[in-house]
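**Student:** This is the structure I want to talk about, given as structure tokens.
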Amino acid sequence: PQGIGSPSVYHAVIVIFLEFFAWGLLTAPTLVVLHETFPKHTFLMNGLIQGVKGLLSFLSAPLIGALSDVWGRKSFLLLTVFFTCAPIPLMKISPWWYFAVISVSGVFAVTFSVVFAYVADITQEHERSMAYGLVSATFAASLVTSPAIGAYLGRAYGDSLVVVLATAIALLDICFILVAVPESLPEKMRPASWGAPISWEQADPFASLKKVGQDSIVLLICITVFLSYLPEAGQYSSFFLYLRQIMGFSSESVAAFIAVLGILSIIAQTIVLSLLMRSIGNKNTILLGLGFQILQLAWYGFGSEPWMMWAAGAVAAMSSITFPAVSALVSRTADADQQGVVQGMITGIRGLCNGLGPALYGFIFFIFHVELNELPMPESSSGGSVVAQYHLQQNSIIPGPPFLFGACSVLLALLVALFIPEHTNLNVRSSNWKKHCGSHGHPHSPQAPGEAKEPLLQDTNV
């Protein structure tokens, strides 16, 4: 196969690192351009842009996964990275086109899915958890370092240099795929011809969700995931903008916040999660994670000072243990031949939340008129840098209404999770399991979108 050496996990790791490093550099410039482009309804437009992108990713992921089973992984790695990074140079050329292309790029914003399939092609089942963990750690490492670097370069040399650097890294990623990445899916594993039919069953993004109501325990787990991840998805889409524009964080402070939160989340999802699972059990770990998430969202909602955001961020890192604990519960309690179906349902619900959450948060910000009271002041005559004075609305009792709504949603999730038994056998009727294995349980199948945060426990052995 074309490429350098044999297919390996390190090829996939480099692809992921370069793509998300490029986007991480643009964290601070994107927040500035977003407010300059949509000064009156910043949060609403941000929610719509991210919501459309997430929904398109959810709809397209199964089809791209099925096509990559036919045409190979390398071509779809190239396709997804190219279209995901295509908006980057448009930031300085035309901000309107930049945000429009970001929305449409959601159709191909499933690089993680293809990377997971690539890893599954080249690893044995007992090695897969470690390989997914390496990919997950690489993703976290890229986002821990790049926003701080981008903020520093933007402050020292201007945002144009940051955009050029991000574009160059994206092009380097594309060249790396073209030149160095070998194809992981052997010809003998593919259908006999390129014209092999793709069934609607394989491409249907709602296929996994149709089985949710067939088992009461699965229904409880899926409702818990939906109610807890919907506010989390909305929070990820708007929180850094909220820090920058409403709480008055500088670009460097936002970058430092991302770094600290990322490091604490990695610790929480590895060391703390493993200690809790052994000491208090699986279900209690889920309940504890949901409790931390309620506290975190309430703190974000009522917090009016920067130190409150930092304190709530530490709690947010602890709340990140919820979904890995849910995945572990499903993996332990589902029968061997039901793993793909049940994991597919949870994955599908999270993908759907990635589309609905940002739009919901943007709409709530819009309803409560959470916008800036004052725009940045012009450059001072003494030659100093631009000084921005940000103030919360003085008549607002709740500074962050969407976060309080999210806390109520997670409280409902906690009440539902109380009824999930600690030990049970999940029995999902799966007459079409053989069909579904191509899109949910097949070892070469990519996951649905939105799994970039905790892919480690998607493997059925964990």
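Cβ coordinates are placed from backbone N, Cα and C, and glycine is handled just like the others.
Annotations for this protein, taken from TrEMBL, read as follows:
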type     : residues : note
DOMAIN   : 8-425    : domain 'Major facilitator superfamily (MFS) profile'
TRANSMEM : 12-35    : transmembrane segment
TRANSMEM : 47-68    : transmembrane segment
TRANSMEM : 75-91    : transmembrane segment
TRANSMEM : 97-119   : transmembrane segment
TRANSMEM : 131-154  : transmembrane segment
TRANSMEM : 160-181  : transmembrane segment
TRANSMEM : 217-234  : transmembrane segment
TRANSMEM : 254-277  : transmembrane segment
TRANSMEM : 284-302  : transmembrane segment
TRANSMEM : 308-330  : transmembrane segment
TRANSMEM : 351-370  : transmembrane segment
TRANSMEM : 403-420  : transmembrane segment
REGION   : 433-462  : region 'Disordered'
COMPBIAS : 433-443  : compositional bias 'Basic residues'
**Student:** Could you tell me the mean pLDDT over the domain 'Major facilitator superfamily (MFS) profile' (8-425), as a whole number?
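**Tutor:** Mean per-residue confidence for the domain 'Major facilitator superfamily (MFS) profile' (8-425): 80 out of 100.
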**Student:** Would you say the transmembrane segment (284-302) and the transmembrane segment (403-420) are touching, if the rule is that at least three C-beta pairs must lie under 8 angstroms and be 6 or more residues apart?
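**Tutor:** Counting Cβ pairs under 8 Å (6 or more apart in sequence), the transmembrane segment (403-420) reaches the transmembrane segment (284-302), since there are 3 or more.
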**Student:** Determine whether the transmembrane segment (47-68) and the transmembrane segment (351-370) share at least three Cβ pairs under 8 Å, counting only pairs 6 or more apart in sequence.
**Tutor:** yes
**Student:** So what's near the transmembrane segment (351-370) in sequence-distant terms, Cβ-Cβ under 8 Å and 6+ beyond its ends?
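**Tutor:** Contacts of the transmembrane segment (351-370) (Cβ under 8 Å, skipping residues fewer than 6 from its ends): 41, 43-58, 61, 205, 209, 226, 229-238, 246, 393, 396, 398-402, 405-406, 448-450.
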**Student:** May I ask which of the stretches 12-35, 75-91, 254-277 has the most CB pairs under 8 A with the transmembrane segment (131-154)?
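**Tutor:** Per the Cβ under 8 Å count, 12-35.
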**Student:** So, do the transmembrane segment (75-91) and the transmembrane segment (284-302) meet, by the test of 3 or more Cβ pairs under 8 Å (sequence gap 6 or more)?
**Tutor:** no
